[in-house]
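*Asks:* Below are the structure tokens for one structure; questions will follow.
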Amino acid sequence: MKTIILFGLVLGALSAAGKVFFAEVGQKVTMECGATKFKFKLEWSRDTLIIRLSSKSGIHSKGQSPIAKRSKILNGKDLEISTVMETDFGKFTCNVDGDLHEHVLIVFSVLVSSDALAVGAHATLECRVKSPENATKVKWQKPNGLEEHSHKVDLKSADSSHKGIWQCKVSYKEDTFTKNITINVKDPVPVPTTPPLKNEAPNSKNRQNSTGGSTKNWSKDTVFLGLIWWIWVAIGAGGLVVIILIVVVIVVYKRNKRRKRKFLRMKKVQLSKNPKMYCQCVRQTAAAKPQQGRRREKPSALPLQPLLQE
């Protein structure tokens with residue numbers, strides 16, 4: 001009889017044993033109550049009331065906690081929490097007609113500084129976990145299968161061995177959750193090498209000239225101050241042409257000015273040698289004006305001459 005009673009107590013304890021749920025920050029999680037149905041009321045709580053459902057009225061009543069505003073009942077008994085926050089972790093109780101089912105919610109977040117790395121770059125992988133009593137264990141599994149027992153991994157100098165899937169493993173008692181992160185490491189871009197000149201040996205880079213100086217190999221792609229050498233040659237030639245044009249313009253201008261001065265000087269000398277010719281006009285003398293105050297005398301009559309006789 002005692003055995004039957006103990007067996008029943010064990011079954012009751014197992015049926016009332018809660019589950020462990022893992023939720024990522026920003027996502028939503030659904031927590032199962034553990035009971036199939038209820039007759040009178042169903043109530044979810046975490047220290048304080050979250051939500052209550054009555055079978056008679058079918059009305060939901062929520063508590064005043066921040067998590068209650070983001071919670072609702074699914075399938076008549078399960079609790080759904082949307083937009084999970086780091087502060088949502090803890091122990092939850094589902095009360096079904098006085099039968100208590102306790103569950104644990106663990107909240108985690110995976111932070112990666114960059115998932116696309118260049119060779120030699122620095123990156124940080126961090127797996128943050130919030131759980132009751134800090135009873136979780138966190139470790140990272142590398143792409144090569146090796147494990148690092150830490151919630152944070154620093155990749156100080158990325159290489160091809162870091163490329164692949166990294167696994168953040170979170171363990172709480174006998175339950176384990178895994179979050180996969182893919183890291184890409186870009187191979188370095190090969191730097192093109194310039195071929196040597198035809199008239200020089202392939203392996204010769206510098207040769208000593210007769211004066212003791214060094215002679216460099218100038219190829220078609222030789223770059224100086226960010227520009228290819230032939231561009232510098234074109235710039236120099238163009239500058240030389242501009243300078244020549246400026247000199248020609250100045251010389252022609254001065255030459256024309258000198259000629260103009262010489263021409264004006266010669267013309268002035270020529271004018272000074274020729275005498276000035278003035279216009280002389282023949283003008284009639286004016287009649288004498290009669291004197292005022294005197295009477296004008298009549299001309300004397302001509303003497304009478306005898307008529308010519310035939």
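Glycine too: its Cβ is placed from the backbone N, Cα and C atoms.
Just so you know, TrEMBL annotations are computer predictions that nobody has curated.
Since the structure is predicted, the reported quantities are computational estimates derived from the model, not experimental observations.
Sharing the record's features from TrEMBL:
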- 201-215: compositional bias 'Polar residues' (COMPBIAS)
- 26-96: domain 'Ig-like' (DOMAIN)
- 102-184: domain 'Ig-like' (DOMAIN)
- 187-215: region 'Disordered' (REGION)
- 288-310: region 'Disordered' (REGION)
- 1-18: signal peptide (SIGNAL)
- 229-253: transmembrane segment (TRANSMEM)
*Asks:* How does the domain 'Ig-like' (102-184) divide up by DSSP, counting helix, then strand, then coil residues?
*Replies:* 6 helix, 53 strand, 24 coil
*Asks:* Helix, strand, coil: count each for the residues of the domain 'Ig-like' (26-96), based on DSSP.
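*Replies:* Tallying H, G and I as helix, E and B as strand, the rest coil: 8 helix, 34 strand, 29 coil.
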*Asks:* Looking only at the domain 'Ig-like' (102-184), what is the model's average confidence as pLDDT?
*Replies:* 91
